[in-house]
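Annotation source TrEMBL lists signal peptide at 1-21. According to TrEMBL, the feature disulfide bond maps to 31-46. If you look up TrEMBL, you'll see 60-210 marked as domain 'Cupin type-1'. Residues or ranges marked as Mn(2+) binding site by TrEMBL: 108, 110, 115, 156. Annotation comment: TrEMBL describes 110, 115 as oxalate binding site.
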Ligand SMILES: *[C@@H]1O[C@H](CO)[C@@H](O)[C@H](O)[C@H]1NC(C)=O
């Protein structure tokens, strides 16, 4: 009995340790990313603090909507470490999300970051799904001024449910939260996952699977 409890704990710890990762805490005031360094560490190496300038912490570009002319009718403008080197090691990313009427962001997850979504304009539905065995779907329609939390690692989506455009700000607690779009990971894998296998796994005919693979292998 005790042995199986210990085994379960070890398995559970291993599982959570792999799936739920958080950015480490900084050990200095800042570590502005040095993109020229060839050193490979967890994150990016710091440039000499003597060469750091205010622009290393500055971003301009949240004033206008991004390009929503795509099949999703949505766009994401990220303020991340790639654009703002001063964000390195701080465990933060912000993004402006724009949605056309009926625009959406397809089901996806961030392996390394929880998210807060705040609606500035319009009205969107946000939903996330818990893990096995419950797969419970929590969703909410957010209006202007509302905010919603999406816990790290859970599959979630956003979709415009009003007639006008929507503007949303998303904050994640990682400098590199990662994004895994479910449809692309399954049907767009390169090289492709065996279509007969996906047909069995998803209980769809092989032709439908091949159509999905053609659509999502970009
Ligand atoms: C928006 O994206 C579409 C599709 O990629 C492209 O054809 C179009 O030129 C872009 N528009 C602007 C203003 O960048």
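Placed from the backbone N, Cα and C atoms, the Cβ positions cover glycine too.
Note that TrEMBL annotation is computational and uncurated.
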Which one, from the binding-site residues 108, 110, 156, has the smallest tally of other C-beta atoms lying within 10 Å of its C-beta?
-> 108
By a three-class reduction of DSSP, residue 108 (Mn(2+) binding site) is assigned strand
What number of additional C-beta atoms lies within 10 angstroms of the C-beta atom of residue 115 (Mn(2+) binding site)?
-> 24
To what whole number does the mean pLDDT across the domain 'Cupin type-1' (60-210) round?
-> 97
Do any residues at least six apart in sequence from residue 31 (disulfide bond), in the same chain, have a Cβ closer than 8 Å to its Cβ, and if so which, in order?
-> 43, 44, 45, 46, 88, 89
Number of Cβ atoms other than its own within 10 Å, given for residue 46 (disulfide bond) = 19
